[in-house]
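Asker: Feature table excerpt (TrEMBL):
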BINDING   Gly106, Trp107, Thr108, Gly109, Thr110, Gly111, Lys112, Thr113  ATP binding site
DOMAIN    277-331  domain 'Torsin-1A C-terminal'
SIGNAL    1-20  signal peptide
Amino acid sequence: AMKLLNVAGFFALVPTLVSALEPITTSLAFCGAAVMWQLFSPASWLKCRFLECCNMKDTLDIPALQMALEQKVFGQHLATQVVLKALSMHSRHKQPRKPLVMSFHGWTGTGKTFVSKIIARNLYQRHEARRRFVHQYDAVLHFPHAEHIKQYKEQLQNWIRGNVSVCPRSLFIFSEMDQMPHGLIDSIMPYLSHREAINGIYYGKAIFLFLNNAGGDKITEVALDHWRRQKGREEIPLTDLQSILSAEIFNNRNSGFWNSKLIQKNLVDYFIPFLPLEYKHVKECIQEELRYQGHQEDEDLIIKIALAMSDYPSEDRIYSSKGCKTVASKVNLAT
């Protein structure tokens, strides 16, 4: 109320001030007042353009997201297709029935964290906005002691409730889910359900990403079976993998979702498989890293590093057991 009175008082004085000012000065004064009004208005276009602002738009920049996924993510046609479709469908609705919940599964270095960063950058282009509205939780860092699970549950509920109340289009990323204390993730179940609002807070625009190494071995088994039957990875059926993942992580004590109500009540919208990376995909990662570091592409060096990283299974050496995770360090040592 005081802010409104102050603004009203300022504009009441404007006619008196105008007569004492030259035309150019008057124009500058009006422009300055307009700029200040926009900057202090909570949802102004100017504030959102130059400062941090919660993304309340109803659609993401889907073409830009598609381009980033296609150009920067290697060997993950299934994951990129599902992510793009899921975000497109969720952002299309002004009032989604529930938050979008996606669970990424695969070996380390296959792109789970990388894809989550691409989503975050697409949702919030400015660094300050990402810092405020993209929330990352590492199970090892934030929830290290299983005996403190009651305290963690309260903290997690308060974090989500508080952040969504500030920005409905909040993005929550949970990494190292396979290290999550048993039962902790079920504490956020009310916020992922089909509800209009909880205590006046609407959660339908929020996005939740779970990054999990659990299920990676099962995904690799399926991919390896297709390879041995001389079938391409593009022929791997998504529905089969999703069914396998859902059952695997529900029954796996080290998945973070063991006997989880989130799975029992079908609150995870998409189980997304990240396939093991082959020699050719590792080569693409190395080429990209060389460009990033400002080096010329050295084909002999690329082949040498890629061959050394292709180590699974030991008799065939088709996949890299660490994906592209150690590419940067190997390029550093070799250049």
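Quick reminder: no glycine exception, Cβ is built from N, Cα and C everywhere.
Please treat TrEMBL annotations as automatic predictions, because they have not gone through curation.
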Asker: When neighbour density is defined as the number of other C-beta atoms within 10 angstroms of a residue's C-beta, which of the binding-site residues Gly106, Gly109, Gly111 has the lowest density?
Answerer: Gly109
Asker: What are the sequence-distant neighbours of Lys112 (ATP binding site), meaning same chain, six or more residues apart, C-beta distance under 8 angstroms?
Answerer: Phe104, His105, Gly106, Leu211, Asn212, Phe274
Asker: So what's the mean pLDDT when you look at the domain 'Torsin-1A C-terminal' (277-331)?
Answerer: 96
